[in-house]
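Written out below as structure tokens is the structure these notes cover.
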Amino acid sequence: MTSSVIRVDDLSASYQKNKVLNDVSFEVKEGTITAIVGPNGAGKSTLIKTMLGLHPKLTGNVRFWGSPFKTAKKKIGYVPQRGSVDWDFPTDALDVVTMGLYGKIGWFRLPSKKDKEKAMNALKKMGMEAYAHRQISQLSGGQQQRVFLARALAQDAELYFMDEPLAGVDASTEKAIMTILKELKSNGKTVLVVHHDLQTVPEYFDHVLFLNKTVYAHGQTEEVFTTDNIARTYGGDMQWVGKGDQYVIQSSSH
Amino acid sequence: MLSNLLHINTLWVMASTMILGIAAGGIGCLAYWKRQNLMSDALSHAALPGVVVAFLIIQEKNLLLLVIGAALSALLGAFFIQWFSNASRITEDTAMGMTLSVFYGVGVMLLAIANRSPGGNQSGLNNFIYGQAAAMVRSDVITMIALASIVILIIFLAFKEWKLFLFDANFAKGVGMSIRGMNVLYTIVLVTTIVIGIQAVGVILMAAMLIIPAVSARYWTHSFKMMILLSSAIGGLAGAFGTWVSSTGSGLPTGPFIVLTSSAVFILSLLFGKEKGIIINFIQFKMQQRASQKKHPLAAEKGGSQ
């Protein structure tokens with residue numbers, strides 16, 4: 001019997017005049033790894049940001065382990081989109097990963113040797129120990145993504161939100177990230193991932209949430225990951241073509 | 001005897017502009033990574049009407065009270081900028097440009113009125129435009145050093161917090177930091193630095209004390225800590241040296257000399273800086289070119305195209 005980690009009720013949010021989330025409700029069980037999929041502008045990132053209090057909500061309620069974000073935030077890790085920060089900032093990979101420990105280190109205190117070791121271990125897990133003292137502006141996109149993942153690992157949270165961690169990374173980085181996600185899952189952690197590549201959904205995720213301003217379908221991948229749900233979420237002008245094991249999405253409007 | 005006294009006074013003033021330069025260099029780094037360089041310019045111009053209004057009310061030149069007036073009007077400027085850019089379709093840079101010119105215009109107008117009032121033209125209020133460190137008396141110096149020291153302390157004590165806040169504010173919020181609180185603290189520290197500096201440097205050039213050391217430091221280091229330390233050092237050096245030069249002639253304004261000193265450091269950094277300085281960049285490019293020509297002599301002869 002697994003318990004519910006996240007419970008979202010009737011969540012709505014907007015950007016200026018545009019309502020981007022409308023009555024979103026769902027529950028996430030502990031130890032699952034969920035893909036949030038939907039077309040561009042479906043509100044995937046906004047959903048995460050609103051749940052984490054980074055974007056104001058219009059209505060609705062979000063609970064983590066039955067309590068509001070404020071009391072639960074120490075147990076929540078967030079991996080933002082790679083483009084959300086300025087990689088020209090003068091710091092190195094190890095330093096960024098150490099930032100994941102700031103909440104535990106406490107204010108106005110400098111990271112100890114032990115903290116640095118913890119950060120180094122997180123980097124090692126992502127196969128990045130050789131780049132620990134590399135300037136972050138000199139890392140490739142995939143390496144930057146690994147650094148972000150390592151920072152979240154260093155946080156040692158129970159629940160992770162990741163915003164497109166696999167966007168624009170090469171095959172080896174994708175593999176490294178997915179290995180870590182599976183490891184998190186086997187350690188009983190819960191992971192929500194904004195994902196854009198439908199082809200890899202059945203392989204990587206045990207749950208799927210179809211989002212296009214509101215929830216179109218949500219459940220175990222083998223049950224809800226159907227052509228029907230995809231077509232409904234992505235709109236009528238999308239064609240869903242299955243080629244054996246391979247899936248190809250075609251859109252007529254571009 | 002008299003020259004000795006003058007000398008001691010100059011030393012005091014130099015010490016105060018040096019510590020001001022250190023504070024401004026440090027906070028300038030924060031402003032640089034907050035991408036708010038123009039903001040400091042807008043706020044220093046916005047401080048002028050506050051200085052004059054405070055003088056008109058108290059009718060004497062007490063630096064601490066004038067500084068409080070300056071801070072209030074700079075904060076009012078900051079509030080207008082925030083409000084305009086949030087509540088209307090005006091973008092932030094437009095709001096800053098408007099606030100800067102309107103507040104400065106009002107300030108100059110009030111200054112004309114204050115100068116006509118009895119005792120007004122001896123008040124030295126004009127010094128607030130271009131800066132006159134030599135006009136500072138002992139109590140001014142003490143006020144300046146005390147406030148600048150607090151600013152420096154806040155920057156260095158919360159160094160780790162500033163770094164996270166500037167690099168990734170969303171993540172900072174996730175680990176329990178109050179972003180609103182940090183923004184308020186940042187504005188307070190920025191405004192404090194600006195208002196204690198305007199008598200010595202002037203409202204027009206104050207922003208240069210914040211911006212130039214930070215961009216100069218950027219050419220030498222890849223570490224945030226080093227950048228703050230270096231920027232503070234450059235600011236302190238420029239403050240002291242500029243004051244010394246301006247004190248050699250009578251009535252020379254301080255601000256321009258401080259700015260010229262730090263600009264000289266900037267030009268040196270731009271040329272020789274080890275991180276993407278122009279000359280280093282060129283040498284590295286040439287070395288790479290030579291190395292690849294050695295590896296592929298034929299390709300190089302053909303023009304290097306594959």
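Even glycines carry a Cβ here, placed using N, Cα and C.
The transmembrane segment annotation in TrEMBL covers B:12-33, B:63-83, B:95-114, B:135-159, B:184-212, B:224-245, B:257-273.
Remote same-chain partners of the transmembrane segment (B:95-114), defined as residues 6 or more beyond its termini with a Cβ less than 8 Å from a stretch Cβ, comprise 38-39, 41-42, 45-49, 51-53, 55-56, 73, 77, 80-81, 84-85, 120, 123, 125-126, 129, 203. Contacts between the transmembrane segment (B:63-83) and the transmembrane segment (B:224-245): absent, as fewer than 3 C-beta pairs lie under 8 angstroms at sequence separation of six or more. Counting Cβ pairs under 8 Å that are 6 or more residues apart, the transmembrane segment (B:257-273) and the transmembrane segment (B:184-212) reach 3 or more and are in contact.
Stretch with the most C-beta contacts under 8 angstroms to the transmembrane segment (B:12-33), considering only B:135-159, B:184-212, B:224-245: B:224-245.
Tertiary proximity for the transmembrane segment (B:135-159) is limited to same-chain residues at least six positions away from its ends with a CB under 8 Å from its CB atoms, namely 12-13, 15-16, 19-20, 22-23, 26-27, 30, 63-64, 67, 124, 127, 185, 189, 192-193, 196, 199-200, 225, 228, 232.
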